[in-house]
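Undergrad: What Swiss-Prot shows for this protein is this:
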REPEAT    146-168  repeat 'LRR 3'
REPEAT    170-193  repeat 'LRR 4'
REPEAT    315-335  repeat 'LRR 10'
REPEAT    345-368  repeat 'LRR 11'
REPEAT    394-416  repeat 'LRR 13'
REPEAT    442-464  repeat 'LRR 15'
REPEAT    561-584  repeat 'LRR 20'
SIGNAL    1-24  signal peptide
TRANSMEM  654-674  transmembrane segment
Amino acid sequence: MKLSFSLVFNALTLLLQVCIFAQARFSNETDMQALLEFKSQVSENNKREVLASWNHSSPFCNWIGVTCGRRRERVISLNLGGFKLTGVISPSIGNLSFLRLLNLADNSFGSTIPQKVGRLFRLQYLNMSYNLLEGRIPSSLSNCSRLSTVDLSSNHLGHGVPSELGSLSKLAILDLSKNNLTGNFPASLGNLTSLQKLDFAYNQMRGEIPDEVARLTQMVFFQIALNSFSGGFPPALYNISSLESLSLADNSFSGNLRADFGYLLPNLRRLLLGTNQFTGAIPKTLANISSLERFDISSNYLSGSIPLSFGKLRNLWWLGIRNNSLGNNSSSGLEFIGAVANCTQLEYLDVGYNRLGGELPASIANLSTTLTSLFLGQNLISGTIPHDIGNLVSLQELSLETNMLSGELPVSFGKLLNLQVVDLYSNAISGEIPSYFGNMTRLQKLHLNSNSFHGRIPQSLGRCRYLLDLWMDTNRLNGTIPQEILQIPSLAYIDLSNNFLTGHFPEEVGKLELLVGLGASYNKLSGKMPQAIGGCLSMEFLFMQGNSFDGAIPDISRLVSLKNVDFSNNNLSGRIPRYLASLPSLRNLNLSMNKFEGRVPTTGVFRNATAVSVFGNTNICGGVREMQLKPCIVQASPRKRKPLSVRKKVVSGICIGIASLLLIIIVASLCWFMKRKKKNNASDGNPSDSTTLGMFHEKVSYEELHSATSRFSSTNLIGSGNFGNVFKGLLGPENKLVAVKVLNLLKHGATKSFMAECETFKGIRHRNLVKLITVCSSLDSEGNDFRALVYEFMPKGSLDMWLQLEDLERVNDHSRSLTPAEKLNIAIDVASALEYLHVHCHDPVAHCDIKPSNILLDDDLTAHVSDFGLAQLLYKYDRESFLNQFSSAGVRGTIGYAAPEYGMGGQPSIQGDVYSFGILLLEMFSGKKPTDESFAGDYNLHSYTKSILSGCTSSGGSNAIDEGLRLVLQVGIKCSEEYPRDRMRTDEAVRELISIRSKFFSSKTTITESPRDAPQSSPQEWMLNTDMHTM
């Protein structure tokens, strides 16, 4: 019996082992089959053929990329990262039930992530980054409860982040960056209390960050940059004191940062908040974050000063505060430089595009010797470049452009031998260009344009063999162009325009095969244009106008990339080459004011009369009809003729004599006309239309505008200005209602007014700026120059029409006047337009002529600022041009609206616009014009309103409307202060007026009902009552 039991036990044990072995073999077969199915949908783009080992000749646990467990010999790791595999991820991968690590990163897998990945309940590490995956993130991943790392970054995944991921309680790293994810930030992710890294950057997510994020107390790295998140700075983040890296850049966050920011997040090493809408001041408590290494809050709306406490951040190596409103134009705006000199690790400092004023301090030379990038451009910095600037021996990028720097470059500047980029343009730096620039052999960009440099161009620049950009235009350089600079093989752009250079243009230019743009216009160059220029095969822009070049146009037929060419105002002769019509990219061609002869082509660019200018060439003919050139005479073939009689010979001689005399008179008249024309052009300083007008894709002809305005009929005349008349017209096949401003070119400065409007509208667009539809630069029916600008028509006329009682009959709806709320809306529109021009344009613009007649209203009474004929691009400012080109009724100001400093020769500025806006605001809400006869001497609209308000208290008004009007007038007073430094900024004015509107003018009755339906005191009545009460 005992023996029988032992036999049975052994038999059962053996049977169990056989079953286990069979089960293991079956499971192993399942893993192998899953791997082979995965391989079947994959191909390789490399020579290694790593999957070649995946076959039956060897155990699958020995296959490349496969790791098995020792006990069960099941696949626990599939690591194929970086093998350059293509194809799709097979759903069979979900059968590897013992898998703990799955790494398919850095391949080219496409299609979607299989839902069956959710079967891998033992999975701890999942990395499918840097592939071509698309579709949704599978919600089934929530079944993989042991996951600690999920990296799906750098794919094309879309839709939202699955809220189910919030159940992965062990997740430490979640990286979904660089995809196409949309939707909101899931509140359920607040359950991931083990999360240390979250990266959602480079997606399209939106909404606010939920408060549940505050529970992520283990978080070290939080990055959601380059999305569309909004709201204030997420309050939840203030609770995560463990944060070391925080990036919210390139979103739409707004509001102020808390003053105790640095106390709440003391462990930060990286803080990136750039390109949002944050306002207020930079928290001084940031100095408490002693570990801070990189801080960037560029491109926001911050104001105030740059904290001196930054000097305590000894680990700081990157400080970016570019493009804000810091400094307030104060002379103390640069004091922080002395403080950050204590940041001995500093490598990058960018405070450009702010309002930093005062002289450039000598302490700049005490900045860290590790500093490689220094950006102070686009501010209001004056003084000279300090003599010890050469101490910054590691400097690679130096940006001081568009300030008010003067004096000569110091000798020590030549010690900066590591410089690669030098931006000094648009200052008042003088002296000769130092030869030591030739020792900076790493230079790539040298921008010295728009200064007061004189003397010769140094030959030593030829040693800068890596130079890409060489900008020296708009200085006082003389002498010849050194051939050495035209032997720099890397040159892409060279601009020597607007100087006093003489001699021939060197033939060495033909060696610049990479040259894209060449400008040598408005110099004193002579001789023939270099024939070798035809070898610059990459050329797109060629400007040689305003010189004394003669002879024929060189052969540029191989320059197939040419877009803009200007050879005007020279002495070029011969025929216009036909191959110009065959250049496929040519969009603008100016050959005017030369001595060309013969037939003008009619194909290619010559088909468009508005893209080609040939006026001032007296011996040309043909061309398209719109050019209005004389027809070409076809010469008859010679034939045998009978001898003339004596009488016929006498008659013929007399006719020939008379014809010769007439010809002499005509030629003399044309020469006089050309000379006068050239003189007028020179006095106007007219640059090439082709470059400025290149932004308008479709220009209209004179004939089209002539027809659209019924031959510029007086019945269509809707306004007159300093430089011309404005007509109403119906343009194009759709009869679009437009306003056509025709310039009177006989009036001095009119051409510059035309160019100023074109230049200003290049690249700007705002709902409160009048829309410039197109332009016309052509000849009229009599062959005279014709310039016109075509705007969107504003049916409600100008604000001036509404403000003047004598013009009310011209308003469409003359039975009513503007309500206080409507006036406030208009004021906000104007202020918003100015804020855009002053702050948000790439090149800030000063309008220089804000007044009621330049504020146009559409059907909804939305205001549009118009008439940019006097506008100044502040970063291209030319003081002499400002002082001389316009009359006192021009840019120096319309009397009553112009800033006081303009009357003393001050330069155009955004502060001048603020003054004009303040006067406009006072006029709108006081009922008095700034030119009222009661004003004399120092007693003006500003002082009048100020004296009225000083006699009333904040509760002096009879109702909320009156209180609102009082606050509006206070804004007008702050904007129209005598001294620019005391005036309110446009962005402050916008915020203040919006706040007043929301508090005092937000009711439905106030905004929408007319005075007949909802009686209320007008601003004029309120001022009158207050005046009588207080005077």
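Including glycine, each Cβ sits where the backbone N, Cα and C put it.
Describe the structural context of each listed feature in the structure shown, including burial, neighbouring residues and relevant distances.
TA: With helix defined as DSSP H, G or I and strand as E or B, the repeat 'LRR 3' (146-168) counts 5 helix, 5 strand, 13 coil.
Restricting the average to the repeat 'LRR 4' (170-193) gives a pLDDT of 97.
If one looks beyond the repeat 'LRR 11' (345-368) by at least 6 residues along the same chain, the residues whose Cβ comes under 8 Å of a Cβ in the stretch are 293, 298, 306, 314-335, 337-338, 374-392, 394, 399-400, 405.
DSSP states for the repeat 'LRR 13' (394-416), grouped as helix (H, G, I), strand (E, B) and coil, give 5 helix, 8 strand, 10 coil.
The list of residues near the repeat 'LRR 15' (442-464) in space but at least 6 beyond its ends in sequence, with Cβ under 8 angstroms from a Cβ of it, reads 396, 401, 417-436, 470-482, 484-485, 487-488, 495-496, 501, 876, 878.
Packing against the repeat 'LRR 20' (561-584) from elsewhere in the chain are residues 521, 529, 537-553, 555, 590-606, 613-614, 616, 620, 678, 681, 688, 690-691, 694: each is 6 or more residues past its ends and has a CB under 8 Å from a CB in it.
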Undergrad: Using DSSP, tally how many residues of the repeat 'LRR 15' (442-464) sit in helix, strand and coil.
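TA: Grouping H, G, I as helix and E, B as strand yields 5 helix, 7 strand, 11 coil.
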